Amino acid sequence: MMTSEIRETSPPIAAGVWIAVISSFINGSTFVLQKKGILRSRKRGGSYLKDGVWWSGTLSMIVGQIGNFLAYNAAPAVVVTPLGALGVLFGAVLASYILQEQLNVLGKLGCVLCCCGSVVLIIHSPKSESVTSSLELEDRLADPVFVTYSLLVVLLLVVLIVWVAPAHGTSNIMVYVSICSLLGSFTVTSSKGLGLAAQDAFSGGPSSSRALGLFLGLLGTLSVSILVQFTFINKALEHYSSNMFEAIYYVTFTSTVLTASAILFREWTAVGLVDCLGMLCGLTTVAVGVLLLRFSSEASLTWKQAAKGPDKMD
C-alpha cells in the first residue's frame, strides 16, 4: 500500500521539480536579457520599452513566473526554492558572454557562497504544514501574528518606495533588492494560495462564493506585487550589474519567503537545535557571500576608474 501511495504522489512532485529546473534556467536569462536591452536602448538614446531584447527578457520573466507558479503547486516549496540557485549560476555564465560582465575571483566565490548558503538555509528551515482547504487557508491568513507581519512589511515597503528609493536607490543596491524581496513574501504565498482557493472557488460547493472572494483577493495581491517587483527590478538593472543583483536578490528573496511561510503556517515551534544551527550556518555563509560580492563590485569599479584615468589625462 505504501508503494502505491509513493507511485501516486511521486509523478506530480517529479513534474514540479522538472518545471522548477526549467524555470530556473529561464529566470536566469531574464535579468541578462533585460540588462542587454537597457544598454542597447541607452546607446540609441531611446526607451528600453522599444527594444526587442528587453521584451524577450520580459517574456522570459513571464514564462518563468508561470513555471514557478506550477512548480510551487506541484511540489513542496522546500524542494522547489533551492533550485533557484541554478538560475543564479546560469545567469552569471550568460552575463559573461552577452554583457561581458566578468566576475573576478571574489565575485565568483561570493556567488557560489550565496547559492550554497541559501540551499543550506532552505534544507534546515521549518517545513510547511499541509493546508487542505480554502477555509483553513483563510484562517491562517487571518491569524494576528501573520496580519501583524504583513502590516509591518507593507509599512516598510511604503517607506522604502516613497522615501528611501528616490534618495538612495541609485547608490545602494540593497534598497531595490529589499523592495523586490519583501514583495516576494506576498507573491509566493499568493501563488500557493491561488491553487488551493481555485479548487474550492470553481467547484460549485457551498463555500464556493467565499473561496472565490479569497481567490480574487490573492490574485489581486499577486498582480500588484509582480508589477511593483517588475518596475524596481528594471530600475536596479539600469544602475547595477545583473550578476550581483541576481545573486543578492536570490538570497534576500529566499529569506523573506521562508520567513513569511514560517509565520503563515506557524512552523517555528517545530524547529530543533540542529535546524537552528544549520540555519545560522546558512545565514553566515550567505552574509560572507554578499560581502564578497560587494567587495568584488567595488574593486571592479575602482579598476575601471583607474583605467579611465590616463585617457582623461590625454
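Keep in mind that glycine also has a Cβ here, set from the backbone N, Cα and C atoms.
TrEMBL entries are annotated by machine, without manual review.
Copied from TrEMBL, the annotated features are:
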- 12-33: transmembrane segment (TRANSMEM)
- 53-72: transmembrane segment (TRANSMEM)
- 78-99: transmembrane segment (TRANSMEM)
- 106-126: transmembrane segment (TRANSMEM)
- 146-166: transmembrane segment (TRANSMEM)
- 173-191: transmembrane segment (TRANSMEM)
- 211-233: transmembrane segment (TRANSMEM)
- 245-265: transmembrane segment (TRANSMEM)
- 271-295: transmembrane segment (TRANSMEM)
### Summary
For the transmembrane segment (211-233), the distant same-chain contacts (Cβ-Cβ under 8 Å, at least six residues beyond its ends) come to 31, 34, 58, 61, 65, 134-135, 137-138, 161, 165, 176, 179-180, 183-184, 186-187, 190-191, 193-194, 197-198, 200-203, 249
### Task
Mind checking which residues of the chain, 6+ beyond the ends of the transmembrane segment (271-295), have their Cβ under 8 Å from one of its Cβ atoms?
106-107, 109-126, 244, 247-248, 251, 255
#### Entry: Recorded stretch that, among 12-33, 53-72, 106-126, 173-191, 245-265, has the most CB pairs under 8 Å to the transmembrane segment (78-99)
12-33
### Positions on the same chain near the transmembrane segment (245-265), where near means CB under 8 A and six or more residues out
28, 31, 77, 81, 84-85, 87-88, 91-92, 110-111, 114-115, 117-118, 121-122, 125-126, 128-129, 131, 140-141, 143, 145-146, 149, 173-174, 176-178, 180-182, 184-186, 188-189, 233, 236-237, 283, 286, 289-290, 293
